[in-house]
Amino acid sequence: MPKRLDINTILVIGSGPIVIGQAAEFDYSGTQACQSLKEEGYKVILVNSNPATIMTDTATADKVYIEPLTLEFVSRIIRKERPDAILPTLGGQTGLNMAVELAKSGVLEECGVEILGTKLSAIEQAEDRDLFRTLMQDLNEPTPPSEIIHNLDEAYSFVNEIGYPVIVRPAFTLGGTGGGICHNEEELIEIVTSGLKHSPVTQCLLEKSIAGCKEIEYEVMRDSNDNAIVVCNMENIDPVGVHTGDSIVVAPSQTLSDREYQMLRNTSLRIIRALGIEGGCNVQLALDPYSFQYYVIEVNPRVSRSSALASKATGYPIAKLAAKIAVGLTLDEIVNPVTQKTYACFEPALDYVVSKIPRWPFDKFESANRTLGTQMKATGEVMSIGRNLEESLLKAVRSLELGIYHLELDHLKELDKETMKKRIIKADDERLFIVAEAIRQGVTKEEINEWCEMDFFFLQKVENIVNMEREVKANVGNMEVLQTAKEMGFSDHYIAAAWNKTEREIYDMRKENNMTPVFKMVDTCAAEFESATPYYYSTYAEENESIVTDRKSVVVLGSGPIRIGQGVEFDYATVHSVWAIKEAGYEAIIINNNPETVSTDFSISDKLYFEPLTIEDVMHIIDLEKPEGVIVQFGGQTAINLAAKLEEHGVKILGTSLEDLDRAEDRDKFEAALTKLGIPQPVGKTATTVEQAVAIAEEIGYPVLVRPSYVLGGRAMEIVYRQEELLHYMKNAVKVHADHPVLIDRYMVGKEIEVDAISDGENVFIPGIMEHIERAGVHSGDSIGVYPPQSLSEKLKEQIIEHTIALGKGLNIVGLLNIQFVVFENQVYVIEVNPRASRTVPFLSKITGVPMANVATKVILGQDLVEQGYGTGYHPEEKEVYVKAPVFSFAKLRSVDTTLGPEMKSTGEVMGKDLTLEKALYKGLVASGINIPTHGSVIITVADKDKEEAMEIAKRFHEIGYNLLATAGTAQSLTEQNIPVQVVNKIDSEDYNLLDIIRQGKAQFVINTLTKGKQPARDGFRIRRESVENGVACLTSLDTTRAILRVLESMTFSAHSMKEITQTKRHEVVHA
């Protein structure tokens, strides 16, 4: 049926900030949906709270609201805009939950708004565990034995009947939040309590564990005419028991017989039809490896992480087509945008193998529990494509950017068989590497299968890789062996180490022997029809399908998988850079490996290469395309780290030169440059040994800030207050030597300022200056940023502008630069300069209207700032106040300390904007998930060094009617200041104590600052973790606390007795 003409305006709900379980895939799907609806002539209104996305660019929709995704704000937008319909199925779990809340509140009915795509009843049937189970029973579809529970007693009675292990699945949550596998009563109490707390409807499904079955996913589409197709089916290498977002996944499925494939396909189509879903849907199934028994695990009635993967794996743009189906078009009316000949009702066919490996944040959080279960922990993922599974897997391994080029990790070589067995059974992020190590050490496939029930097919593939390693080592210099190894995806890096040569020597050896990969096209139809997509992957085969044009081209390096410190902000900059290259008349080529992002949508660039970002893989593309040069400054540290090797290969780095990049990153060169420019910086030195570090710290004086050089996201950065902490850091956090020095700076407790600027070598243009609420010492990515600065004098602002211009010119920056300053005792010091795009680029671009990545790209391509209508100086400040607030995923990562410091911990960000700082802060805090009640109780436990400062804060909480709770030490200080306080027992007390208050939800805020000595077993750590587990806002920085107080005070009417007012006035008269 043709598209609907009875609706004109559609509100699309975004997915909000990036958190574990909901990452950049919704920027991709949301952007596609908005463009798709606009193509059909609808007016599109978008609401999302995340400024770091392409989706929230003003060009994506007709009207863009960057506001909190809460009932209060979304209702206000609906009442103001009066859309005809809302489309919530492209905004992840956030979008679905928002639609349910809007419907229940009555606002949709009040404003006559209908829900498109998937009916409310279908959302509830798929998301409500009880309704879903009933539907499956009606369809005669098997589900594991299960029970819906609302409290612990119901959980006990189910377990007594069915036995352990059981899986807990909370209703209406994201990424398995709050869920898990329980093997005993202790785990049952902990996980059920957590699950009920995280479910917005206080409901969990308890089901008998079917861990060990194969986990299969079907990505299906259906339209209003009941046409339904399977876009892609995927198989998890990890059996059931590990969340699919934490599983290694391959597409298409590799181990199903035709009968099994058709059986599960029919089930998936039957379910999507029964739910009446119009659009995309993801069905997760479990299959017993020894029979045809299967179970339906769950259904996501929306576009999901898996649909982003399926879209990139097949080239079939699910979100784009789901949006068209939502407005009434049918699959047999929509042309497949890939072939531009066939229709969307043709099921895609693949003649290659796709592998997805999750990217976990454990390199950032060494104390985190690495065990994988039903609650997701990965922040992002990589995808790779090969002609066989071995090639595909090894390409994915080297895409992870953990400095790994092969399926082996040195530290696993020491493991004995018993340890390997335990870790393979338990499943952690290194399981596949441990399986390979076990095979190297002679453990049989049968034993490994017994331990973890991984299919023999996958174990055989790992064994093939291990056997090939032996071949490579036994045949040094043999070209036939080299050819076979390359066909299996072995890297030059691995072969060089095995043959005792350099990577460059292997590369040259291959070129001399014409041993180079070809590029194949991703075309949705296994080459059955001609395809129009410029979307390629490399493989060692005969025919090359990537045709080089005679146009001048520029290569942009993407930023790889989403991880803490390098988020979707860099993808935003990459996409804008690609658009600018096209505007400037060049062919834009992008290399990236993240299936979740907008940059890997083949319609963005002229050519997309889905490849690992290693020197070998990038050089293959450059050798073929022979571009004018490569842009590295938008791909975060990933791309910057490739610059030197690319230049060694004779590749031109466009923009800031390698020498100047190095001058900003190398400590001694940077110091020399600052001295020459007369710009002050905190006293600091470089240490290459532990002894040197101790001597430097003594000379500078504690506290000192220590960090390795060349890092992103403050990795392994710490403030240390005394010598034993420094020794602990040097021993545990870094491996210091001449090539990897450690930087040691005096730690200045001052106001931190962040500046983004664009330089063309002559002119330096500054779109914005941001002030951080938390003082220096908290990583800029974890600070609340405010634009324009609220407390800087004009004199200090001028100093900052002068220093920025001097640095842009003095460091010969061509393109973007990001500078962090600290204001200490009314003097501006430079902390660091990053000669690249920073994570604040999208935020400032949206606020100021200056498309920073676009302008910087054109500068890099030779169009100076004046030609583009900008000059030297500071862009006029906006009237409104904008706040960038960090969002954390601590609830997903057990045993991680939530204290803020110089190492970045946030996964995403939101924006709040309004006419006053207080209102903007309120929006930013609410959007980031912090509840701001106007009354209640606050627990205060602070370190001795913070007691004095905490008194003023406590007094202000008391003034607005909050009840103060504190342990004996802090309580005594409060009583001495005549501030009423209730004493609570410390956490080691047998009686009712501080943790009980948090668990029972009797505190609205916990203020807890760090006591020195960082062992996680400490009291403070337990208080902070208990707060996170129970959803209580835990404030570890007094600066953040003050910001929240400002908001609370602005929301509270003053309530003083007349006597207090007259006393104050008399006091003022006396002192006048």
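Each residue, glycine too, has its Cβ placed from N, Cα and C.
Record check, Swiss-Prot: ATP 2 site residues include Arg746, Glu752, Gly777, Val778, His779, Ser780, Gln820, Glu832, and the candidate from Arg707, Arg894 also listed there is Arg707.
Ranked by Cα separation from Arg707 (ATP 2 binding site), the binding-site residues Arg129, Gln284, Asn300, Asn834 are led by Asn834. Here the Cα atom of Glu298 (Mn(2+) 1 binding site) is found 5 Å from that of Gln284 (ATP 1 binding site). In sequence order, Glu752, Ile753, Glu754, Val755, Ser780, Val830, Ile831, Glu832, Val833 are the residues near Gln820 (Mn(2+) 3 binding site), counting only same-chain partners six or more apart with C-beta under 8 A. Between the CA atoms of Gln284 (ATP 1 binding site) and Asn300 (Mg(2+) 2 binding site) there is a gap of 8 Å.
Straight-line distance linking the Cα atoms of Asn834 (Mn(2+) 4 binding site) and Val778 (ATP 2 binding site), rounded to a whole number, equals 17 Å. Once Cβ contacts within 10 Å are tallied over all protein chains shown, the binding-site residues Asn300, Ser780, Asn834 are led by Ser780. Between the alpha carbons (Cα) of Val242 (ATP 1 binding site) and Asn300 (Mg(2+) 2 binding site) lies a span of roughly 17 Å.
Note: the CA-CA distance between Lys208 (ATP 1 binding site) and Val778 (ATP 2 binding site) rounds to 44 Å. A separation of roughly 12 Å, to the nearest angstrom, links the Cα atoms of Asn300 (Mg(2+) 2 binding site) and Arg129 (ATP 1 binding site). In this structure, the binding-site residues Glu215, Glu298, Glu752 were compared by how many other Cβ atoms lie within 10 Å of their Cβ, and the smallest count belongs to Glu298.
Val778 (ATP 2 binding site) carries neither a helix nor a strand DSSP state and counts as coil.
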